[in-house]
Amino acid sequence: MNPSARISQVAMAAILPDLATQVLVPAAAVVGIAFAVVQWVLVSKVKMTAERRGGEGSPGAAAGKDGGAASEYLIEEEEGLNEHNVVEKCSEIQHAISEGATSFLFTEYKYVGLFMGIFAVLIFLFLGSVEGFSTKSQPCHYSKDRMCKPALANAIFSTVAFVLGAVTSLVSGFLGMKIATYANARTTLEARKGVGKAFITAFRSGAVMGFLLAASGLVVLYIAINLFGIYYGDDWEGLFEAITGYGLGGSSMALFGRVGGGIYTKAADVGADLVGKVERNIPEDDPRNPAVIADNVGDNVGDIAGMGSDLFGSYAESSCAALVVASISSFGINHEFTPMLYPLLISSVGIIACLITTLFATDFFEIKAVDEIEPALKKQLIISTVVMTVGIALVSWLGLPYSFTIFNFGAQKTVYNWQLFLCVAVGLWAGLIIGFVTEYYTSNAYSPVQDVADSCRTGAATNVIFGLALGYKSVIIPIFAIAFSIFLSFSLAAMYGVAVAALGMLSTIATGLAIDAYGPISDNAGGIAEMAGMSHRIRERTDALDAAGNTTAAIGKGFAIGSAALVSLALFGAFVSRAAISTVDVLTPKVFIGLIVGAMLPYWFSAMTMKSVGSAALKMVEEVRRQFNSIPGLMEGTTKPDYATCVKISTDASIKEMIPPGALVMLSPLIVGIFFGVETLSGLLAGALVSGVQIAISASNTGGAWDNAKKYIEAGASEHARTLGPKGSDCHKAAVIGDTIGDPLKDTSGPSLNILIKLMAVESLVFAPFFATHGGILFKWF
């Protein structure tokens, strides 16, 4: 069937009118932002100033131990510690962490802003030159009998969309960091009243970030579509091709955020652990350790700002991939507004579903014991998935006609609304499966991590061997889940099905981010408790919050990697269609050389990021050793270390070292597309996708398992764990070495790889018109 023909409706139009869609999408975003503000107000009620306790004049008076309204019982009161000093110290430490994180992000954003400007110019020049910067209308790419806007317009609007996506990504990361640094000390102070209070503060803070990011990403994309539509009018093909720049902007900033932040945090972490815990035998986050502030700053710039930008990029790209395919399907050809915005409707319902889910953690059920933390976080994933499944069913019924056609590599495939529901649902549930498999392999409540901890009996070497084996094994089930999702969604609705499956996996992004951000906030809270000299019982509570957060962070990375695989495949399909490639034949030398080089790129990228962390950590270790050896009274605690020098080492190293890996990812598609052409580039994208997903999952899970094996020994919560401890034992030192090796795997290389595969795919799609017209210079000569 010729896609240029106007496609007649097989059945009646969508039930939901266009006006309702125009109201529903921004309304959901506004509700999400309002909910984030409410959560922030509730967190801000935890005061960073000492308050007079009770009315009876005695600690634990009246309602004290029951946590009554008039006063709440504090551990400090029982142990006779000066509450005013404790709060003051917490406030000082919080200020230092916030100042360090803000300073680093501003420095990073200066360099990233320069890159953004240069790349925006490249987008304009490359896309504008497709038709020689002509201002005349041209035949549409997919419908040759219709006229579309000139290539120059596509160049201008793609550039604007790129800048819009980049700025939104940077703002998302920055706001996430500010929220986390605002909440960390408040979580510490609430831990004095009980683990339940601390959990709610950390989780609410995570929810602020989750809902702000999900809502802002949705509303900015919606506004961009409407504003661009004023110029494009009926040319929806051109409109949504230009909108893909939004995804490119989001992911390119996420790459630098993840790599730069990851190098920063792990350089500090490795330096602090190797010298402090292994050589000097002092506790984690001990204020005598010169790298301790840099370590806590790193949690915010890497795990919060970087991760926020990363998931925003995934959301933007999956939406753009779905919209591009929809614009050349019956939705776009017949100008059906509501079905066209089906991806945005999914995200809108996702915000409402996540809002309901969050209330279960913060309002409906109260956590009273340490062992209730992890189940509460797991329930968030289950509840959000179940509620979202109902939401998807409603959106698919109301927002889609019963029957429609989807573009499928030059033909139109008839699809029914229930089939599209299955595509989104399979992505959503595959995400949950990946999450639970990740949890099984990284939580110290299960045998895989306990086996890794047990292997520390014979030293660091066996710990490393067991950890690597665990990581490789943890790839199996997630890959089967991704493969099943791809097969089912593609069979039902071609590449559009794959794109909405990715969107399904990301539809609960607000809850996923809340759970993800909760981890670093809890980690910071524990560090602040240690540095402020608070009771060991408070540290036990924050450690329990942190251990659960470690597992949920690994779950979050699993979601990000799984969705990246689906997003990349959908973008790959859109690129192949736009570049007019009829088949991708791996037996063709042009394609195969791209395939084998693409499969190598994740290894090259990982080598660069790992070496960067190693080089920065080397400088950090030398500085920490120097301070311990040369500053009198440092080990005795009578002199303060020079925290600022360690912060500077991490900042300088991360800014310098983030550029080569970033350049590798950004330049690879451009070089291959220009010199070798679209067929070789299609092979490159396929190779990077297949190889990158495997390495990303194994790296993230190996690192997470080593971290929790160390925490399992430190906590000594079971008879088995106590035989391996205590802190400072040979067994514990072996676990610390494993954790140190895993740090760059789980927080730098692993999470950055999912950005690599998405970014290369979306960049190829944006530049596809140029590559198709002017690419393959070398092959044209031979």
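The backbone N, Cα and C atoms fix where each Cβ goes, and this holds for glycine too.
Values in this document were obtained by computation on a predicted structure and should not be read as measured data.
For 20-43, 111-130, 150-177, 198-225, 340-361, 381-404, 416-437, 464-488, 494-515, 559-581, 587-605, 755-779, the entry in TrEMBL reads transmembrane segment.
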For the transmembrane segment (198-225), the distant same-chain contacts (Cβ-Cβ under 8 Å, at least six residues beyond its ends) come to 25-26, 28-33, 35-36, 39-40, 42-43, 46, 161, 164, 168, 171-172, 175-176, 179-180, 182-183, 186-188, 190-191, 239-240, 243, 246, 250, 304, 308, 311-312, 315-316, 319, 323, 341, 344, 347-348, 350-351, 354-355, 358, 361-362, 367, 373, 376, 509-518, 521-522, 525, 541-542, 545, 549
I'd like to know if the transmembrane segment (150-177) touches the transmembrane segment (494-515) in this structure, counting it as a touch only when three or more C-beta pairs sit under 8 Å and are separated by 6 or more positions. no
Remote residues contacting the transmembrane segment (20-43) - C-beta distance under 8 A, at least 6 residues beyond either end: 179, 182-183, 186, 201, 204-205, 207-212, 214-216, 218-219, 222, 337-338, 341, 344-345, 347-349, 351-352, 355, 358, 362, 399, 510
What parts of the chain pack near the transmembrane segment (150-177), using Cβ distances under 8 Å and only residues at least 6 beyond its ends? 101-102, 105, 109, 112, 116, 119-120, 123-128, 130-131, 133-138, 209, 212-213, 216-217, 220, 224, 228, 231-232, 238-239, 241-254, 257, 300-301, 304-309, 312-313, 316, 517, 766, 769
